[in-house]
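Following: one structure in structure tokens, then a few remarks.
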Amino acid sequence: MLPSQLIGFLLLWVPASRGEIVLTQSPDFQSVTPKEKVTITCRASQSIGSSLHWYQQKPDQSPKLLIKYASQSFSGVPSRFSGSGSGTDFTLTINSLEAEDAATYYCHQSSSLP
């Protein structure tokens, strides 16, 4: 059995004009095996429309954008990664997990991308 670590920050604080938006991600850790389906959720403390992005970060590497604006796959990202949701509830799904997917995954709220 080859476990994959899927770790996310539980709270991300993002300043906004209407006050701070808190993103709560779960689970904070998940051990799974290849070929499994993995679901990671992100909940915003107030509605953010579709301004939610998902990133993958591997050790000693910069974060890689996977999904932009809740459900739009970024160029070159494998089709097993998908995103959904709007308003306050969002989901990142990895279908048929591969060993190379072992990483930290996190959500980020922003109306624009860097």
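From the backbone N, Cα and C atoms, a Cβ is placed for every residue, glycine too.
What Swiss-Prot lists as signal peptide is 1-19, and the listing cites sequence analysis. Annotation source Swiss-Prot lists domain 'Ig-like' at 20-114, citing sequence analysis. Residues or ranges marked as region 'Framework-1' in Swiss-Prot (evidence: similarity to another entry): 20-42. Annotation source Swiss-Prot lists disulfide bond at CYS42-CYS107, citing sequence analysis. If you look up Swiss-Prot, you'll see 43-53 marked as region 'Complementarity-determining-1'. If you look up Swiss-Prot, you'll see 54-68 marked as region 'Framework-2', on the strength of similarity to another entry. Look at Swiss-Prot and you will find 69-75 tagged as region 'Complementarity-determining-2', backed by similarity to another entry. Swiss-Prot lists 76-107 with the feature region 'Framework-3'. Summarising the annotation, Swiss-Prot assigns region 'Complementarity-determining-3' to 108-114 and lists similarity to another entry as the type of evidence.
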Could you please provide the mean pLDDT value for the region 'Complementarity-determining-1' (43-53)?
96
Looking only at the region 'Framework-2' (54-68), how are its residues distributed among DSSP helix, strand and coil?
0 helix, 9 strand, 6 coil
Taking 10 A as the limit, how many CB atoms besides its own sit near the CB of CYS107 (disulfide bond)?
26
Beyond the flanks of the region 'Framework-3' (76-107) by 6 or more, those residues with Cβ under 8 Å of it:
2, 4-9, 12, 23, 25, 32-50, 52-58, 63, 65-67, 70
For the region 'Complementarity-determining-2' (69-75), could you work out the same-chain residues 6 or more beyond its ends whose Cβ comes under 8 Å from its Cβ atoms?
50-53, 81-86, 90
How does the region 'Framework-1' (20-42) divide up by DSSP, counting helix, then strand, then coil residues?
0 helix, 13 strand, 10 coil
If you draw a 10 Å sphere on the Cβ of CYS42 (disulfide bond), how many other Cβ atoms land inside?
27
